[in-house]
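Annotated Fe cation binding site per Swiss-Prot: His190, Glu271, in sequence order, evidence recorded as sequence analysis.
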Amino acid sequence: MKKEAIILLNMGGPNNLEEVEVFLTNMFNDKNIITVKSSLLRKLIATLITFSRTEKSQEIYNQIGGKSPIVGHTKKLVEKLQNRVGENIIVDFAMRYTPPFVSEAIERLSDKNIEKIYLIPLYPQYSTTTTKSSLEDFEEQYHLSSGDAILVEIKHFFQNKNYNMAILERIKERVSLEEMSEFDLIFSAHGLPLKVIQRGDTYQLHVQKHISILEQMMQKEGMTFKNIHLAYQSKVGPMEWLKPSLEDKLREIKNRKVIIFPIAFTIDNSETDYELEIEYREVAHEMGYEEYRVCRCPNDSEYFVEALVDIYAKMR
């Protein structure tokens, strides 16, 4: 009997401190991240960046348990989605830069008589640096494996109602309806170099559209904040990136009570557990914030599971 498979794709994160170097090496060798045409030059750049950042990155991961939480959360999500769709559909996941890699997921499917593989990158908004990179990685390796299943892909899902309900649920976990009007809400998105957007990447537009959808949904749910903002985090290097930065936005806001939701991430990782929870909490404290609260990502929430069921159904 022919079967179908759902493969969830994400960037990954170190499963231990030794894998930090693997993570950085693979990420900065990605042609969608370092976009120079010469693979030799890209390798040189990747080596230099990895050498300069490994020790500092290991210190960061050491502060959040010695590893990224992304694989653990994803395993729970896969288990719940598998239970939801039933045993006739195989649900698995693969990471772009750390184990489990795409090659491992393909190997597990090799003797399962798969007719169609549904690829769902866990990035709500499309970007060449994330969605395109993950899809290309799977496509290239699957064709090298001589697989003959049909690959079906989705590019983004920020409009999905159940996914957005998962976001509202996470926000309501951190602040009650009664006290929302005392808080500013910041949707913090992972930043990108401005030149990526200028080349036609739709990420910034998708983030803006996503926030507009969420604002309409919050209004219907009676979720009223003092103000709602967009800011960008995680800038590295000297190039100009999307603005405003999260630090600048925190400095600009007059109200000293703030809720942060990481709008670009579906699964908690170092950018949420360290950068938002620890690093920017210290920044906010130094700025005199009375309240600084960070929402969890959807992770394995029931609404997110239902969103993935929706997405799969619409892809069929």
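Glycine residues also receive a Cβ, built from the backbone N, Cα and C atoms like all the rest.
Owing to the predicted nature of the structure, the values given are computational and were not obtained by experimental measurement.
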_Counting only residues 6+ away in sequence within the same chain, which have a CB under 8 Å from the CB of Glu271 (Fe cation binding site)?_
His190, Gln233, Ser234, Pro262, Phe265
*Counting across all protein chains shown, how many other Cβ atoms sit within 10 Å of the Cβ of His190 (Fe cation binding site)?*
23
